[in-house]
Each structure stands twice: as structure tokens, then as C-alpha cells.
Amino acid sequence: MEKNKMVSQGNQEPTATPDTMVQPFAAIPFPPPPQNGLSTDYGSQHTQEYATQSTEHGIPLYGGGQSHAEHSTPATSTANASSTTDGSQTEGQQSQTQNSENSESKPTPKRLHVSNIPFRFRDPDLRQMFGQFGKILDVEIIFNERGSKGFGFVTFETSADADRAREKLHSTVVEGRKIEVNNATARVMTNKKSVTPYGNGWKLSPVVGAVYGPELYAAAPGLQADVSLATEAGVPLPGPRGVNTYIPLIIPGFPYPTAAAAATTAAAFRGAHLRGRGRTVYGAVRAVPPTAIPTYPGVLYQDGFYGTELYGGYAAYRYTQPATAATAATAAAAAAAAYSDGYGRVYTADPYHALAPATSYGVGAVASLYRGGYSRFAPY
């Protein structure tokens, strides 16, 4: 019995269950990085008491199973983030593709030019004639002060409808008129080159140029000594021998005043009493008799209207009466035989002056013609 007691008292501790036993293959945790200046040996003594992990490096403090789970979590999140990014990129590409398709599929308006349409046509008539081929954005018929000019423009929403209307309606007969339908094009303004009548490219005559630069045209005699020697001048021109020649800033053949007159002219142009009118230079130009200038046509007026005969007397200019008229009757007869119209043209006996108007074209006949077959409001 004592033996039984001894056996029963041999081990009084409860039998350890498998759950409470330590796992034989537990992974050795890595020591955390030093924090707050503490060594790694101190931090590794209490590994099992703290269930936290380092926020800086993400190294777990537990065994291998938990570490694998925690490592797999950021990988999964990274995969999700990458898939989300790919999805957003795909959506962006799809939206861009849709935008490009919308821009490509957007209809392009097209404008047609319709000519030789009936003159009574108005915008609703033209819209009704072309509206069967598609949506019309604008219709315009060109008018002037006398009515329709017989042509207009039709703008379709799409170019396909415009092309179909042009193919169907071109060269069709509407109210006896064969209409023409073509694509409207922008009017091209031709650049007409102005032909300069001067040999060296000058466009201002010396008289007009003297108003802008009196010192230039009122040059001193020393500058006019020899035109051909002034090679350090201003404008190169192709010479007769194929080389560039130079002309000076003065114009050959122009009647320049003297040096004193040039100074007087420049001072007069700067004065306030003339108010910008170049009377001095113009008077100097008029004082010189006109000479033939082949290079500058039209510089000096050689017409008699600007000569001294204009100021020779009103009666001598307007009327050409005989000087030997003794009586008033003789003077009247001479004036009737030769008279003027005020512009220097002298008329004598004209055989056409004796013609009488034809009887068939009287006032009544002309009025009936006007009221019958002719209307001044016809467009053409």
C-alpha cells in the first residue's frame, strides 16, 4: 500500500497537452534595429513579450509562419496597386481612343455654289430643293440693288450629303434654266504687281518728293557737277555692260536751284507761315521751262493748260472772236460761225446739227417700248 502511495505521489503535475507544448521548429526571430541608442543585445531579450514590428524596416518579430503572412500582405497590396494602375491606364487609353473616334466621326460641313438659278428663287426655295439630300446649315442667295443675281450658296452639315446633292442636281433644268452645282472655293486674290514706269524704281515725282525732302531736291551745285562720278551713291542698278552701276541721290535733268536758294527753301519749309505747303520749291520748278526727261515721264506738265496761255486773258482764251468785227451784227455772225464750248474746242458748221428726230421714234413710241418689252429692273 505504501508502494501504491509512492507511485501515486510520484508525479503530481498535470500532464502537458500538445497545445501547450513549445513548437520544436520555431524560427529564430531577427533582432530589431537599434532604437533610441539601445544595443541589439538588449532588444533581443524580450522578443516573445512584444507583438509589434518595426515601422521603419518592416521586419517581423515572430516565427516563420507569421512572417510569411505579413510579407505576403504588402506583395498583395503591390499587385493590387499595379493592377489598379494598369486598369486606369487602360481606361485612359480607351477614353483617348473614344475622343479621337468622336473627333474623326464629327461631320465636316461643306459649302456648295449654285449658279444659274431662277431669279424668283429665294432662300426657302433653295432650301426645299436641296433639303431632300441631308441637313442644311445655311442657305444664301446673292442679291444686288436690282434683285437676285442668279446664284447662291448651300451649306450641308456633312460632306457626303453635299457630294450626293451635287451629283444629283448638277446640270438639271429648273424652270427652263440649267443650274450648275459645284463645290464652293475661297476666292483667291491675285497679287497684281504694280508696273513702275521709272527706270530706277523711283515712284515719287520730284515735285511731290520735294514736299517731303526739300534738302534732297534743293541740292547744291557742287552735288550736280557730274552724275556719272558719284559712285558712292545710294541705289545699285544693272548697267548696260552687265555690271552694277550706281546713281546718286540727285535726279539727273531736274532743275535744282542754287545753294543759296536751297538754304532758303529748307528754312522756308521749316517755317510756320507756309503751314507745310511747298510753295518755294514748286515756284522754282514752275519757273524753269519744261524739258524732255525720258527717264521720268510725267514729272513736269507740258500741257498748255498749265502754261501762260491760261492767264493770257479770259476773253482771249474762251472766245475766238475776229478782231475785224466792225459792227455787232458782224461779230454775232462770226461768233455763230465759230464758237467754243468753254474747253478750248472750237466748233464750226456741223452737218449733223441739221438732222431732225425721226418720226417713228417719238415720245409716244419710246414710252410704249418702255412700258411694253423693257424693264429697267431686269437683273441683266
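Quick reminder: no glycine exception, Cβ is built from N, Cα and C everywhere.
Values in this document were obtained by computation on a predicted structure and should not be read as measured data.
According to Swiss-Prot, the feature compositional bias 'Polar residues' maps to 1-20, 36-56. As annotated by Swiss-Prot, compositional bias 'Low complexity' applies to 72-102. The domain 'RRM' annotation in Swiss-Prot covers 110-186 and rests on sequence analysis. Sequence annotations record features per position, and here Swiss-Prot assigns region 'Disordered' to 1-117. Annotated site 'Interaction with RNA' per Swiss-Prot: R111, F119, R120, N144, K149, F153, R177, R187, in sequence order, evidence recorded as similarity to another entry.
A separation of roughly 16 Å, to the nearest angstrom, links the Cα atoms of R120 (site 'Interaction with RNA') and F153 (site 'Interaction with RNA'). Rounded to a whole value, the Cα-Cα separation of F153 (site 'Interaction with RNA') and R111 (site 'Interaction with RNA') is 7 Å. Considering only the recorded sites R111, N144, K149, R177, the residue whose Cα is spatially closest to the Cα of F119 (site 'Interaction with RNA') is K149.
Model confidence over the domain 'RRM' (110-186) is summarised by a mean pLDDT of 92. Around the Cβ of N144 (site 'Interaction with RNA'), 8 further Cβ atoms fall within 10 Å across all displayed protein chains.
Straight-line distance linking the Cα atoms of N144 (site 'Interaction with RNA') and R177 (site 'Interaction with RNA'), rounded to a whole number, equals 20 Å.
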